Every structure is written in C-alpha cells, then in structure tokens.
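Visitor: This is the structure I have questions about; it appears just below.
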Amino acid sequence: MLENISKFRFLTLYVFVAILELLIDSFVLPTESLRFFTKPALMLLLIFFVIDNLQKNERSKIIYALFFAWLGDVFLLFSAPIFFPLGLLSFLVMQIIYIRMFREELFGFSKNLLLNLIMLILILVYVLFLLKILWPGVSTELSIPVVVYALALGSMAYFAFLRKAVASNLNFKLVFVGAILFVISDSLLAINKFYQSFSGNSFWVMGTYILAQLLLSVGLVNFAICKRLDIHESGKYN
C-alpha cells in the first residue's frame, strides 16, 4: 500500500495548488497570471508523486502520460488559435498511453462479455451524441481531429471499465471514476468551445480534470505497487 505520511503530504500540496487554480478560475483571485504557475504545477506534482512511489520500470508509462497532460495544460494557457490543436494532440497522446496501459493489464484475464458489450454501446452512444451536438460548431480543419479525439476519449473510458476483471473493487473505482471525470471535463470543454459557452465553465472543466488526474494516478500507482508485491484479492490485484 502507499506510504501514509508521504501520501498525506502529497495530497495536502496537490489540494492546495488545486484550490488556488479553482479560485482563479472562479475569479475569486484576480491574479490571472498566477495560472501560469498553478496549472502546470498540478501535473508536475503528480509526476513527482509517481517517481516517489514507483520503481523505474513501473513508472515510465504513467510519467509519459502525465507529461503529455502537462504539455496540454501549458498549451491551453495561451489563447492563440494554434495552441488549441496542440493541446488536443497532447491530450490525445495521453489517452493513447492510458489505453495501452489498461489493455496490457487485461492480458490473460477472462471478461464478462455481455456487461462489456453493454458498456461499449453506452459509451458509443454518448460519443455519437456528443459529436452530434458539437458538429455544427466544429470548423472543417478540426473535424477529423475532433472525431479521433472523441473516439479516443470513449476508448479510454471503456478500457478503464474493462480493468474490473483484474483490479480490486477500490482500485477499479479509482481508475474508472477518474476516466469518467476526464470524459466529463473534456466534454464540458468541447461544449463550451464548439456548442455554447456557459457560466463557470473554467471552474467545472478544471475541477473535474484535477480530480480525474489525481484518481487515475493514485489508482495506477497503487495497482503497480500491489502487482509488484503480488498482493491479490480473489485473483485480482488490489
């Protein structure tokens, strides 16, 4: 299990930076320039957390995923048109890394085909519905990237769900809820950009994103540690 004192210190610092970021997003703190510190700091903290808790052979893929998330955060700090597709590409790479990690964890384990099929249909319906409402506002040059990104987003959530076959109940919930929150965050961002802007969008986009990345990181770190220590619960890693 994760070392309690180290985890508490990390969570305290992460929550502190997250609160600062959300206060800026809510316009409670007027210093917009502070976001150039708080937003990039969030993923850097998660990277340090992973390095501190995992061995070198266990942490590389998680760090790569968080690095591309960090790149995406940095790109989206700027308002010039070129930075949005760069941010989109960065988060797409992050999702592909997570998908590959989830797939590798599933090797050799049986799956509930009916339940998996139901979840696949639900996710596909959601992705198609999201694309339907966004499509009128998507420019021609972004149409293919947006479709690819939406499919990757749904795929990440689906493979996070498939981890139910190999992870303990708590670990599965950490990663799956994290993936769903990431879907919600990106959906809100897309709706605000391509469909209709709404009040408080930055707060809700960042709030769900911050929690999503935290849950994903803690869940994947915990899974890797338990796998190394060969801790099982009814044939599953804790």
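Even glycines carry a Cβ here, placed using N, Cα and C.
In TrEMBL, annotation is done automatically, which means it is predicted and not curated.
Among the features that TrEMBL reports, transmembrane segment is placed at 12-30, 36-54, 113-136, 142-162, 174-191, 203-226.
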Visitor: For the transmembrane segment (174-191), which recorded stretch in the set 12-30, 113-136, 142-162, 203-226 gives the largest number of Cβ pairs separated by under 8 Å?
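Guide: By the under-8 Å Cβ criterion, the transmembrane segment (174-191) pairs most with 203-226.
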Visitor: For the transmembrane segment (203-226) and the transmembrane segment (113-136), check the count of CB pairs under 8 Å (sequence separation 6 or more) and say whether it reaches 3 or more.
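Guide: Touching, no - the transmembrane segment (203-226) and the transmembrane segment (113-136) miss the threshold of 3 or more Cβ pairs under 8 Å.
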Visitor: Residue list, the transmembrane segment (142-162) vs rest of chain: Cβ under 8 Å, 6 or more residues beyond ends.
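Guide: For the transmembrane segment (142-162), the list is 85, 88-89, 91-92, 95-96, 98-99, 102-103, 106, 111, 116, 119-120, 123-124, 126-127, 130-131, 134-135, 175-176, 178-180, 182-183, 186, 190, 194.
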Visitor: Who are the long-range neighbours of the transmembrane segment (12-30) in its own chain, taking Cβ under 8 Å and residues 6 or more past its ends?
Guide: 38-39, 41-42, 45-46, 49, 200, 202-203, 206-207, 210, 214
